[in-house]
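Visitor: Next up is a structure, given as structure tokens.
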């Protein structure tokens, strides 16, 4: 039908756009020396996982969607490879988003302790733990924890063993979900605290003989005339307030898109094996591809809140021309 052709065309465009956009982010980080530092290594790790999702996972999922009855007719070996990379890359993408949220949180709330050296070490540790945890979750079925391929039914899917379902969904989604929600609450609370303290600082007139004292936390401009001293307090926000506000907005959008994309899939993924519920295949496909779309939105969110990426993209295309 025409509707089916349109849906498949949309999925193909989503796959290609996800691959190209994340590849562009990776190329920009590699070519621009200013990006060879934190937090861009976290963005690069996320882009790597999202590129792998678009290159190794989404095409085979599309082939499965095209087959009659969504059956798997590519053999056992390719099924194991697909499921393994599916769990590995998607889990790594989710934990990379969590690492970025944690990095933003620590850079705001622990400015003195979270130095550049400490930030680099912690970010490298988070990247290593992200990929190790993702590999452990994805390789468990290959070691005998559940079955992913059924030759009789020509079915290829993530292991439906109840114990593996609880561990994998908890480690891949529910645990990072709790972390990012906690991080956003703390960032929002810190931003509100500093903005509230700013509003409590009142502007009072200075006496004629008053001297200019040490600057407070509020930016002030003092004009001295012959007979009076006039204090003008700027209505703009301080640099720290702008940074906190921008970080809260970016992390909020990042978490919001992450939750909207993945929570339908992981709810059904957790409930289905435990209650033996028969969820229609069409809904499983919709929830799965909605989760894949998170790999497309991630680089859009990062670059939208960083003007350096936009400038780097322009310079990259200008040099190529």
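Any Cβ shown, glycine's included, is placed from N, Cα and C.
Unlike curated entries, TrEMBL annotations are predicted automatically.
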Visitor: In TrEMBL, which of 122-144, 191-213 is labelled transmembrane segment?
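Guide: My reading of TrEMBL: the transmembrane segment range is 122-144.
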Visitor: In TrEMBL, one of 42-60, 61-79 is tagged transmembrane segment. Which stretch would that be?
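Guide: Per TrEMBL, the stretch marked transmembrane segment is 42-60.
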Visitor: According to TrEMBL, which of these ranges is transmembrane segment: 80-102, 218-240?
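Guide: My reading of TrEMBL: the transmembrane segment range is 80-102.
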Visitor: Taking the transmembrane segment (287-305) as the first stretch and the transmembrane segment (6-30) as the second, find out whether 3 or more Cβ pairs fall under 8 Å, excluding pairs closer than 6 in sequence.
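Guide: Yes, the transmembrane segment (287-305) and the transmembrane segment (6-30) are in contact.
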Visitor: Which stretch, 6-30, 42-60, 122-144, 247-267, tops the Cβ pairs under 8 Å count with the transmembrane segment (80-102)?
Guide: 122-144
Visitor: Are there residues at least six beyond either end of the transmembrane segment (6-30) with Cβ under 8 Å to its Cβ atoms? List them, or say none.
Guide: 36, 40, 43-44, 47-48, 50-51, 53-55, 58-59, 62, 65-66, 289, 292-293, 295-296, 298-300, 302-303, 309, 312-313, 316
Visitor: What average pLDDT does the predicted model assign to the domain 'G-protein coupled receptors family 1 profile' (21-302)?
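Guide: Averaged over the domain 'G-protein coupled receptors family 1 profile' (21-302), the predicted model reaches a pLDDT of 80.
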